[in-house]
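Database features (TrEMBL):
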SIGNAL    1-23  signal peptide
DOMAIN    72-207  domain 'BD-FAE-like'
REGION    234-256  region 'Disordered'
Amino acid sequence: MKKLPLLLTGGLLLAGMASCVNAGELAGNTEGAQVIRVEKTRGRIDALNDIVYSQVKSTVAVRQLHMSLLVPRNGDLKPAIIYFPGGGFTSAAWNKFIEMRMALAAAGFVVAAAEYRTVPDTFPAPVIDGKAAVRYLREHAAEYGIDPSRIGVLGDSAGGYMAQMLALTNGDKTFDRGDNLAQSSDVQAAATLYGISNLLNIGEGFPQAIQKVHQSPAVTEALLVHGSAFRDWPGATIDSDPQKSPGGQPDGPYQR
């Protein structure tokens, strides 16, 4: 019985608060203030970061490969673009060029930016990774609102090399390894920004000093194809093996 007055008091307090709300007397309201309505000119874009799209297993470790996604928030099935960054085959900083990626997302594309293995890993590791990224998006197309029949690739410099290699090896299962193998790694479009199409003549047309650099076994395209010097292996220049060198480039056996 002693608790009854407290219950009644609480009920009266709630009723009083409700009357304030109904009367539009919330804190911060200014009577007579003008309400400005702003029309949306750009739709919402969701950013998803550090998605693990592939796990590369070796005898000593498991390496996770990451991508980020920009996903326009609407109910439509959207075409997707995978961006592969340049970096001279020594780095793959996948989160750069956000302005370009945001512009593509604002135009209605799901935009992925994916890292891939670089030197000291050797060919075909980067291409294997690129195809794994395509298969990952197809496997998760429903989750991200992607039309799986419209996936393209884009890259600059070494990333352009990636885009070209993925396009020119459509239908070739040689580089399909890892997860989601039930999905196709074919792409429907490819764009290259100053991409590398011939690893044998990167220094062509430049001053002699630069051409000399590209004749070294320590230059990155040579390391990509032949690996780095180790113990009794002195390394090799990019043009040292006429059978092996063309096999790792778009301007080679994959040219159509």
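The first residue you see is number 1, and the count goes up from there.
Placement of Cβ uses the backbone N, Cα and C atoms for every residue, glycine included.
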Mean pLDDT over the domain 'BD-FAE-like' (72-207): what is the value?
96
Per DSSP, what is the residue count of the domain 'BD-FAE-like' (72-207) in each of helix, strand and coil?
45 helix, 29 strand, 62 coil
